[in-house]
Amino acid sequence: MTDGLPERFDVLVHPVSELRGELRAQPSKNYTTRYLLAAALAEGETRVVGAATSEDAEALIRCLRAWGADVDRVGEDVVVRGFGAHPRAGMTLNPGNAGAVARFLMGVAALTTDTTFVTDYSESLGRRPQGDLLAALERLGARVSSRNGQLPVTLSGPVRGGRVEVSAQRSSQYASALMFLGPLLPDGLDLRLTGEIKSHAPLRQTLDTLAAFGLQARASADLTRITIPGGQAYRPGRVLVPGDYPGSAALLVAAALLPGEVTVTNLREGDLQGEREALNVLRAMGADLVREGDRVTVRGGRPLHAVTRDGDSFTDAVQALTAAAAFARGTTTWENVATLRLKECDRISDTRRELERLGLTATETADSLSITGADRIPGDLTADGHGDHRMIMLLTLLGLRAEAPLRITGAHHIRKSYPLFFRHLEELGAHFEYLPTDAA
């Protein structure tokens, strides 16, 4: 592996007294996914500058190659020669455990015939709901077969486009999938989002991506209606992937929990990633956090206090911020986060259980998680990473402040979004032991 770690491993997190140093934020997972797909939908060559190297990115690249794109890593960039509006028919695609990749590709699969989606992660991605997207594609005229709205799924076009509704109650990814498809349809797309929209920020990232590739799209202020003219073409070119706020939030929380000073660069101030709000939440909790342009510095060790926040806009930072809540005075509540139950694991119930295992008090409702802070965590036990990269980040941060080492199972799943997470923390002064395992 490029990180120099075992293929599969548990990690033993040792407590540390301080963290200090400067890191460049890893490339955004969300933007890498969007830019690579858009590049494949363009005819011609696109350079995606500073693309992520996560398992999700690699899963997408494999699928795009199967569909006929020529994709090459050149240093830190990815060069894509796309298939335009004509991905290969009759292919079987395996998006690994990448939910956004699977959904975006399912939308585009309406340009093909007999594209089948499978996964090796039957207990994770295989259980995640796809029915709302599949129903919208059927309403557009696609032929769809699935296992009760879950993978495996087979899709066939063609579709012409027009007006269609899609539920945004469970995920905004369904709408994004249709938005990537829309410009290539003869009649375009008049997309109506129904239900309470979850995660506005990713929808704005998709609109931003379409604009970067020369496409026209109009959206109402509340994003309930998105209109995309048909007969357009994705324009190849050069796009720069911004820094990743969800992963960087974990670094900044770690910095806040321990004495020292940590700076993370490459965090664009006006970025559309919703997890940018994590910086404001951390500051509201009492962290000494200062921004200078794209540089964010945290001077750690200050006492933190509890907050109550609607977490819908920064769901991918909730686990990292939960580590801050675990040591904050009072009870922190993340509200309106029901979508966390539909991730790689149930990030509400599974988080509560892991916090209780560590001696903390946590409670949950259908759409909220509350954490009562403590002065200390004993450590000296094994926590379950639940095969979830965000859970692994949370548990790692807790382990850095524990009184004795904390073992986390299945820590190799960190590679889904942040392959260098442990290595970056080591650069700041953390100490880990990597324990090879045969477990999946």
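Cβ atoms here come from the backbone N, Cα and C positions, even for glycine.
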Which of R347, R352, R353 belongs with K29, G99, R128, Q173, R390, K416 in the phosphoenolpyruvate site listed by Swiss-Prot: R347
Among R128, D316, R390, which are recorded as recorded positions, the nearest neighbour of R34 (3-phosphoshikimate binding site) by Cα: D316
Residue among recorded positions S199, D316, K343 with Cα closest to the Cα of Q173 (phosphoenolpyruvate binding site): S199
Recorded positions near R128 (phosphoenolpyruvate binding site) (Cα-Cα within 10 Å), from S172, S199, D316: none
Recorded phosphoenolpyruvate binding residues, K29, G99, R128, Q173, R347, R390, K416 - maximal Cα separation rounded to whole Å: 19
Rounded inter-Cα distance in Å - G99 (phosphoenolpyruvate binding site), S199 (3-phosphoshikimate binding site): 15
